Amino acid sequence: MAPRKRLSSTEPSSPTKESTERKPEEKFNIIESPIAPPKWCLLLKLSLFSLPYLYLIFYHYNIEPELQRSIIINAAMSLAGLFITVKMIPVASRYVLKRHLFGFDINKKGTPQGVVKVPESLGIVVGIVFLVVAILFQYFNFTADSNWLVEYNAALACICFMTLLGFVDDVLDVPWRVKLLLPSIAALPLLMAYAGHTTIVIPKPLVPHIGIEILDLGWIYKLYMGLLAVFCTNSINIHAGLNGLEVGQTAVISSAILIHNIMQIGASTDPEYKQAHAFSIYLVQPLLATSLALLSYNWYPSTVFVGDTYTYFAGMTMAVVGILGHFSETLLIFFLPQVLNFLLSLPQLSGYVPCPRHRLPRFDPQTGLLTGTSDGTLVNFFLRNLGRKSEKTLCIYLLAFQAIACVFCFMLRYFLAGWYK
């Protein structure tokens, strides 16, 4: 959830309420200005991180030319999607502002930037461009009798459904108990179309005690898939509150997923296993490219808000690739900061501890620094333990922690390989 306060002219409000809302901003006039241009320098710096990925594809692993060709075509289409998204965001911003779908940045309250109307729900642009790229890619890779085509389209249906429900949430601002149900509804196409295995491999240290190496979970496995989709979508949504944090964590996890998939393809000789990880790449590359385009506007100081549309869309996409790529355990370790944030949030989300509308740190307009509150979020936890930080610095710390969690996952897989499974 973005650090915003909504103020729509279509919503009636009493004089008392309006006076309360405007009081901190009374010395500034509300400003509606065109959004700033994209931060191309940021994108150029981030593009350097693609070099290890390209090295793995072209040099380190001996990947079949046909599979390599499909990955490159998908990457080229994703790059085109990046530029289209960059061009479409300013256009979409004008339309959402006309419909009074905007907010104010709470973490800049009391400063001139705190009274600027920031367009919301720009994740809808990312979702649309992503879906167009993913649908068009079918022409280059899948045939009419492809075994993966049904699950690929089911995955796109889930992502499209979740993007729509996320936009509905942005417009209607539905309560939390309803938010928890939305991913369950959106995951139905995938659960109904899923024809893969429902078995799990028992860890080797437990085989002597259990007596079997493979366990068929049946419908329990599909229940697990649905719960994974619910967790991924909502965990991205609640680990938020800073400019660039929602999109940044998605970019870091997506990069880790891509590297993991290439490593698995390069190390395997099973064609079906390779295709499962290639399937994941075909969806994550456009996700990463379009997300970086949005990050160029959402990075501090943000000129657009991503909205619940983006957090739901990104979470569902990563859940889908983890399920169909058969690496859900690895995905959960990539989501380690989100898991910690969920555990910290659990007392408030369960109602055991009072939960405010915005669980954000306190902003000091005199110093421009954030101070941690007692709310149970990873953002506040970092501030309480590391001291006051600027919003940009804090976001960089959190994204660095996300990257460390991904590196930890790779190390864990390396040391446990051959012993755990």
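Easy rule for this one: first residue shown is 1, then count along the chain.
Heads up, the Cβ atoms here are built off N, Cα and C, so glycines get one too.
It should be emphasised that the depicted structure is a prediction, and the values quoted were computed from it without experimental measurement.
What TrEMBL records for this protein:
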- 1-25: region 'Disordered' (REGION)
- 42-59: transmembrane segment (TRANSMEM)
- 71-92: transmembrane segment (TRANSMEM)
- 122-142: transmembrane segment (TRANSMEM)
- 149-168: transmembrane segment (TRANSMEM)
- 180-202: transmembrane segment (TRANSMEM)
- 223-242: transmembrane segment (TRANSMEM)
- 279-300: transmembrane segment (TRANSMEM)
- 312-336: transmembrane segment (TRANSMEM)
- 394-416: transmembrane segment (TRANSMEM)
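Cβ atoms under 8 Å from those of the transmembrane segment (279-300) belong to residues 35-36, 38-40, 42-43, 46, 70-71, 74-75, 77-79, 81-83, 85-86, 89, 122-123, 125-126, 129-130, 133-134, 137, 141, 148, 151-152, 155, 242-244, 246-248, 250-251, 254-255, 257-258, 261-262, 306, 310, 314, 317-318, 320-322, 324-325, 327, 391-392, 395 of the same chain, restricted to positions at least 6 beyond its ends. Between the transmembrane segment (312-336) and the transmembrane segment (180-202), the number of CB pairs under 8 angstroms, six or more residues apart, is three or more, so the stretches are in contact. Below 8 angstroms of C-beta separation, residues 70, 73-74, 77-78, 80-81, 84-85, 88-89, 92-93, 96, 148-149, 152, 156, 159-160, 163, 166-167, 282-283, 286-287, 290-291, 293-294, 297-298, 304-311, 313-314, 317 of the same chain, each at least six residues beyond the ends of the transmembrane segment (122-142), sit close to that stretch. Within the chain, the transmembrane segment (42-59) has long-range Cβ neighbours (under 8 A, six or more residues past its boundaries) at 68, 71, 251, 255, 258-259, 262-263, 266, 292-293, 295-296, 299.
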